């Protein structure tokens, strides 16, 4: 079972909770244990602040992934972590890339969930593995390959900030 906490801190229209639940369950399906996940939908100001705080970049990015660092055995329901999604950025990217808004949202949520499971795209081999899994999961949901038009270019990915700030 997925315990999903959807926090809406954006004035911009976004998908409903049922869509987020579907996309999260798909992205997390390889994890058999119950899990807790928070998704916070933000506008560009908060997205920029968080990206600056955690990654020292002064712009809002599409998705930030914050994996939990508490051991599963310490919690009633294992906390996977948090996704912060900048609604205007995701909507704008969909338009700029000629993708349906729904398909791009599904991609960003699944991409963020995979980061919470430990997937990354720092090097080419990791990126290929992660992208292949994204393609498979999105295809099962009936969405097109998010990288089909972008095979030779660098792919815009969400970012996983380090929690080594303590």
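Quick reminder: no glycine exception, Cβ is built from N, Cα and C everywhere.
Here's what Swiss-Prot has on this protein:
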type	residues	note
BINDING	111, 115, 121	Zn(2+) binding site
REGION	141-166	region 'Disordered'
COMPBIAS	153-166	compositional bias 'Basic and acidic residues'
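Structure coloured by features recorded in Swiss-Prot.
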{"residue": "111", "record": "Zn(2+) binding site", "CB count, 10 Å": "28"}
{"residue": "115", "record": "Zn(2+) binding site", "CB count, 10 Å": "25"}
{"residue": "121", "record": "Zn(2+) binding site", "CB count, 10 Å": "21"}
Report task. Using DSSP with the three-state reduction, classify residue 121 (Zn(2+) binding site) as helix, strand or coil. Result -> coil
